[in-house]
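*Asks:* This is the structure I have questions about; it appears just below.
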């Protein structure tokens, strides 16, 4: 007989994301789009462009993972139910009378519930991406990590293409150059689930899914309540960067000291030259007098 813990984690891993968790994911993605400057005005002027941008926010991870695996990028359009659901949320979020959806979403408990449910879908996307990549490239670590990362956090990455098309792309906002917390934690999850998939991490998948989801939800809710950009592994990042890439900074003070010593020796030799020249002149004068 299985333990209650295993029964709980196994039942959790079998939870369907449709429709409630998918609705939360679409709602958070669309509301993040609406809060961007000029997004509401663009929806009134050009609804088709706004709808396309919303679909990129909702399905960007799946599109990017398809591109990496050389699959049709528009395969997400084949799921009519999810497209209609995401389109309905986009419509009521931008065109609801009296802006009722935005007013309801402004309450903190609603935001916490939606954000927590969205983090649950992130775990499912990472696991799905890693498993799907493993079916193409057996035990291909790099491919599995890349596809799991793309499916879990590809929405924020692929929207850079949308900003480039609209002409409002900014290099300093590039996700590859300055990774956000969701991108970092998704990369971490992709690495962990890749190790589990390749049997290098001795833990069952359903237990790992439960523990990682609890970590994601707890961290996200804490960040929203405290309104701080809390990064749980910032100390680990700093220590690892110093160990692997901080050697040049450690040796730079030694180089500066050697440079100062050489410059001091150079000035000393330059000052000794006039003294030597003066002594030579004195010797010449003395020899002339004796003559």
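Each residue, glycine too, has its Cβ placed from N, Cα and C.
Quick paste from Swiss-Prot:
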TOPO_DOM  1-15  topological domain 'Lumenal'
TRANSMEM  16-33  transmembrane segment
TOPO_DOM  34-47  topological domain 'Cytoplasmic'
TRANSMEM  48-69  transmembrane segment
TOPO_DOM  70-80  topological domain 'Lumenal'
TRANSMEM  81-100  transmembrane segment
TRANSMEM  104-122  transmembrane segment
TOPO_DOM  123-138  topological domain 'Lumenal'
TRANSMEM  139-156  transmembrane segment
TOPO_DOM  157-179  topological domain 'Cytoplasmic'
TRANSMEM  180-196  transmembrane segment
TOPO_DOM  197-207  topological domain 'Lumenal'
TRANSMEM  208-225  transmembrane segment
TOPO_DOM  226-291  topological domain 'Cytoplasmic'
REGION    257-291  region 'Disordered'
COMPBIAS  261-274  compositional bias 'Polar residues'
MOD_RES   262  phosphoserine
COMPBIAS  282-291  compositional bias 'Basic residues'
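Thinking about packing and proximity, how do these listed features fit into the structure?
*Replies:* Within the same chain, residues 21, 120, 204-207, 209-210, 213 sit at least 6 positions outside the topological domain 'Lumenal' (1-15) and bring their C-beta atoms closer than 8 Å to a C-beta of that stretch.
Residues 39, 53-54, 57-58, 81-82, 85-86, 89-90, 93-94, 102, 105, 113-115, 117-118, 120-121, 124, 155 of the same chain, all 6+ positions outside the transmembrane segment (16-33), place their C-beta atoms under 8 angstroms from a C-beta of that stretch.
The DSSP breakdown of the topological domain 'Cytoplasmic' (34-47), given as helix, strand and coil counts, is 9 helix, 0 strand, 5 coil.
Tertiary proximity for the transmembrane segment (48-69) is limited to same-chain residues at least six positions away from its ends with a CB under 8 Å from its CB atoms, namely 25-26, 29-30, 32-33, 39, 42, 75-76, 82-83, 86-87, 90, 94, 125, 129, 132-133, 136, 143, 146-147, 150-159, 161-162, 166.
Packing against the topological domain 'Lumenal' (70-80) from elsewhere in the chain are residues 55, 59, 62-63: each is 6 or more residues past its ends and has a CB under 8 Å from a CB in it.
If one looks beyond the transmembrane segment (104-122) by at least 6 residues along the same chain, the residues whose Cβ comes under 8 Å of a Cβ in the stretch are 15, 17, 20-22, 24-25, 27-29, 31, 152-153, 182, 186, 189, 213, 216-217, 220-221, 224-225.
Counting residues of the topological domain 'Lumenal' (123-138) by DSSP class, helix then strand then coil, yields 14 helix, 0 strand, 2 coil.
Residue counts of the topological domain 'Lumenal' (197-207) by helix, strand and coil are 4 helix, 0 strand, 7 coil (DSSP-based).
Sequence-remote contacts of a segment are chain residues at least 6 beyond its ends whose Cβ falls under 8 Å from one of its Cβ atoms, and for the transmembrane segment (208-225) they are 8-9, 12-13, 108, 111-112, 115-116, 119-120, 122-124, 127, 181, 185, 189, 192-193, 196, 201, 232.
Restricting the average to the topological domain 'Cytoplasmic' (226-291) gives a pLDDT of 60.
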*Asks:* May I ask for the residues of the chain that lie six or more residues beyond the transmembrane segment (139-156) and have a Cβ under 8 Å from a Cβ within it?
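*Replies:* Long-range Cβ neighbours of the transmembrane segment (139-156): 29, 56-65, 68-69, 122, 125-130, 132-133, 175, 180, 182-183, 186-187, 189-191, 193-194, 197-198.
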*Asks:* Per DSSP, what is the residue count of the topological domain 'Lumenal' (1-15) in each of helix, strand and coil?
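*Replies:* Residue counts in helix, strand and coil order: 10 helix, 0 strand, 5 coil.
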